[in-house]
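Trainee: Dropping the structure in here first, questions after.
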Amino acid sequence: MADGHVPVLPLLRRGLAAGGLAGLAAGLFSLLLAEPLMDRAIRLEERRQEGEHSHAAAAAAVKHHEELFSRGTQHFGLVVTAVVVGLALGVFFAVAHALVHRRSDASARPWPRAIALAAAGFAGLSLLPGLRYPANPPGVGDAGTVGDRQLMWVAAVVIGALGMVLAWQVHTRLTAAGRAPAVCQTAVAGTLVAVLLALFALPDNPDPVPVEGTLLWDFRMLSLASHAVLWAVLGATFGALGLRALRERRAAGHRPDPVPSAV
Amino acid sequence: MSLHTARHTDPAAVSAATVRTRDWLIAAGAVVLALIALYAVFIDNGSLISATGDYLHEFSHDGRHLFGAPCH
């Protein structure tokens, strides 16, 4: 362990446990708070389309959300989707943790490391892409543009993730070069501004948003809040499990690792 | 640090390197599975994972909207 060996499997188990719990928490949070909004948005969409077209073809199109599953099943689907997303992000979290700390004792300082990584994950994968392409409630989204929008969204998520890696590298390298905190932090802020510029160089979402402002704002806030719940529970659970493993390791008689731990 | 220099001769060190490689392969497999899972819930429209038709899309419909993934 002392040679920089990264025991990646314990981290992976920790990531899956923390991710599953985080997904469940985010799923239940949004089931309670966001589903009433989504149900309202779907009712408004149906009313809007009924008002616009009364012929049979449009009436069939109106029903498209109910075609395959009831709203109740889609509510359940929301929680299942959130758990799947949590598990997947838990895997990324564990592997990112192992890679970031591969040169230091992998078990050291579990809590601050987990919280810092969760904050970076929220910023890079949730907040930055969410600023460029904010979430829209059901009823917004043209089936004809969905392929383009998916490409743009994936590009935004990739840019957000690369931006976090870049900011981390800038900070690590400047600190290692002995630069003052003011220089390091300004450089990181400059990096984040460059990432934002790259994000806003992507094309705009082409779809109209025919939704009242209050509903749209509430939905977008709840979307970001669900992301925040997921990352917070993921980071806190991962950190708590790391603390427990550290206690057990010490209780088993291992000396604290002599390798100095970088952040 | 002595482990680094002993790695090629000491059988224990060699097997430690093998275990490490195996662990990282498992981790890489988990990352691939995670990417496939995210593709399934956020991107697939019944086009590539065709056996699911639109069922996967409609089942994860609310999750897509909530997490900001593009939806129809």
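Using the three backbone atoms N, Cα and C, a Cβ is placed for every residue, glycine included.
Here's the feature list from TrEMBL:
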TRANSMEM  A:12-34  transmembrane segment
TRANSMEM  A:76-99  transmembrane segment
TRANSMEM  A:111-131  transmembrane segment
TRANSMEM  A:151-170  transmembrane segment
TRANSMEM  A:182-202  transmembrane segment
TRANSMEM  A:222-246  transmembrane segment
Trainee: Is the transmembrane segment (A:111-131) packed against any residues at least 6 beyond its ends, judged by a Cβ distance under 8 Å, and which are they?
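Mentor: For the transmembrane segment (A:111-131), the nonlocal Cβ contacts are 89, 92-93, 96-97, 100-101, 153, 156-157, 159-161, 163-164, 168, 195-196, 199, 220, 223-224, 227-228, 230-232, 234-236, 238-240, 242-243, 263.
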Trainee: Mind checking which residues of the chain, 6+ beyond the ends of the transmembrane segment (A:222-246), have their Cβ under 8 Å from one of its Cβ atoms?
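Mentor: Residues packing against the transmembrane segment (A:222-246) from afar: 10, 14-15, 17-19, 21-23, 25-26, 29-30, 33-34, 37, 82, 85-86, 89-90, 93-94, 97, 107-108, 110-115, 117-119, 121-122, 126-127, 130, 134-135.
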